[in-house]
């Protein structure tokens, strides 16, 4: 690196190449009207280019753009001494933002200023005679420096931010968002105290607070984030180490602004937003693997072994062409294991459905996260992203330096915020301690102690839907879920804790409304429709990565809703191949993939809430559930609860339903709020129970479950029917655990088993009742046929066998003649389907075979 002090003749030669008039004192700084491109011999990429103001303007000028001077530099800025940490970390390394350059802001949109080199700040007091006077004190030096191309006076900006941190008190602050803080004291001073205690050097700044405190400072942050944020870093570190001089942090405190007022819809981003701070929202649909990105390259001369370091500027490495020690050209070689790298991750963000205009497909944008922001979000998360909008050129050919005129855009992430006010709180390791205050937990526990809490929570679920109390209770237990059990260390594997529910019945009975309500409530919910879903759309598909051109796995709806609920409407209209992928997910909670050389097993710990309509558009009470919705029995047996939602066609019911619907339109909001539990309380209640309550089976509850299962088996054994399978016992265990979670109980008790048994029995009464006998027969769901139907089929086969034997040794019979003989012999009505079933039963016994219209004996 060249010396910061230069001879007057050298400085004059630089002025001759790009002369600019001096900037008047006190006026707003403007970008120079003209400045020709600097040649390669002026300075290296790691140096500051002097501004053409005065001969004294480049003497020991400190660096205030994104990175501070390299730690290998001989001259350190005086301002760097205010903190025990070195301000040598570029913003691209710590915030995910590339180093400060000269492109992007309105004053920099000129073709002749396209250099990516760092530039020195403008010296407003260029008429001072001596360099010694310029560096007399830190204060006098800071007040004279404005970052080139902006109106950001570094000293004033730093002073304003320090005043903001030390004085700002939010009058509209809520206790839920500021857990453990005194709202009458400066918020961000308490945040710095948290940093001292916890040791995480990140200070999140709400831009709304900054805007209410200082409009001009907020405007500078939005317009020039890559210059202002490092200044904020310096100010925050100075305050912190003045208060806590003995504190030791991993690295300097990084300020992370969020909630920028310049919140943009993803499709409305345009060139005027480039290099500005923006906040957008969406759903993460894909994350890449971690990519190492070089931040500082290490070069070694192959002749004299002289070494030098070069910092990377926006992905460009400026290899030194001449060794400064021996003056040998093209002798510098890059040493990879001595270079510095940082973590980088590419994230694809998709537009939220609620932000999409009518008739449009969702837009996607690319995010780049760096260092500790890597792996902060997973596919399926809904996030608000604050970052800097970037535009980078695309080369016509990788081997040619020419670039296209159309640029490629992305967002460098500064801050993630996983919040959605309409949904349940998604609890992760970073937020679980801050989510619930002691006061909030006390309110929730007081609510849990009430005897009617189960009914109150069920009534608060979809209050606009009339009646269906048992169905709402079943969905409520699905939201709570059972206790996750892992016995893999004992060789027994994992047992699923998720509850699967199927709603089937007449059209217009609020099935889809219930699905939409649950989808909008849970944080990792996915909503799909039967005809609009394919097997790969539900599971995973292989595609080429646009960056690396390698085959990668894209996850589908079931994997994206891991630890959530997947709502599937029109379940009966799914293709057979699409439904087949659900078998493994609904029982083993995993998804096995073997495609295009990619063999893996993905987690799909999701609850399935499905809705199906009958084949004949209206439920036929004379048919079984299998015959009505035409779903395979192997799939139906995996649902814990199957509810029928039928239209009773009763005048009294119709009158009550109409009164309820009309009341939704004329009742005031206050009346509706008084009737039902507060929505925020419901969300907190479910989130707390899912996170902290893990009930275990007690001795009494275990005995009650055993008795319930034995009784269910005993009911069917007398009539030759099976009324329960081990899957029904596991369903009872999950429902009992979920009911214990509703009570915030750490132990499953007898009342939980009784409610689970009642709910399970109510569901079976509707879905597993034999229409001919009116008796519950679980084999309808497990084998697709009731015990009476199976018995009738066997009896008819034996009658047909005797009829054939009575005809002597005739080797073949006509199909129609045999059918008419059987109908004439039997008193009961025999349909052609029943006759075919009897023939198939005898064919399975190798007694006969059917070829065309002829029945031949074997």
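These residue numbers are counts, starting from 1, taken along the chain as shown.
Using the three backbone atoms N, Cα and C, a Cβ is placed for every residue, glycine included.
These come from Swiss-Prot:
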- 466, 511, 512, 613: ATP 2 binding site (BINDING)
- 492, 638, 727, 730: ATP 1 binding site (BINDING)
- 54-68: compositional bias 'Polar residues' (COMPBIAS)
- 79-94: compositional bias 'Polar residues' (COMPBIAS)
- 453-662: domain 'MCM' (DOMAIN)
- 1-125: region 'Disordered' (REGION)
- 637-640: motif 'Arginine finger' (MOTIF)
- 301-326: zinc finger (ZN_FING)
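Mapped onto this structure are the features recorded in Swiss-Prot.
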| residue | record | DSSP (3 states) |
| --- | --- | --- |
| 466 | ATP 2 binding site | coil |
| 511 | ATP 2 binding site | helix |
| 613 | ATP 2 binding site | coil |
| 638 | ATP 1 binding site | coil |
| 727 | ATP 1 binding site | helix |
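When the binding-site residues 512, 613 are compared by the number of other C-beta atoms lying within 10 angstroms of their own C-beta, 512 comes out lowest. Long-range contacts of the motif 'Arginine finger' (637-640) within the same chain, counting only residues at least 6 positions beyond its ends with a Cβ under 8 Å from a Cβ of the stretch, are 499-502, 582-583, 586-587, 608, 610, 725, 727, 731, 734-735, 760, 781-782. Within 10 Å of the C-beta atom of residue 730 (ATP 1 binding site) sit 17 other C-beta atoms, taking all shown protein chains into account. Among the binding-site residues 511, 638, 727, the residue whose Cβ has the fewest other Cβ atoms within 10 Å is 727. As a whole number, the greatest separation of Cα atoms within the ATP 2-binding residue list 466, 511, 512, 613 is 19 Å. Across the zinc finger (301-326), DSSP classifies residues as 0 helix, 9 strand, 17 coil. Just so you know, the Cβ of residue 466 (ATP 2 binding site) picks up 16 other Cβ atoms within 10 Å once every protein chain is counted.
A gap of 31 Å separates the Cα atoms of residue 730 (ATP 1 binding site) and residue 466 (ATP 2 binding site). If you measure from the Cα atom of residue 638 (ATP 1 binding site) to that of residue 613 (ATP 2 binding site), you get 18 Å. For the motif 'Arginine finger' (637-640), the mean pLDDT of the prediction comes to 82.
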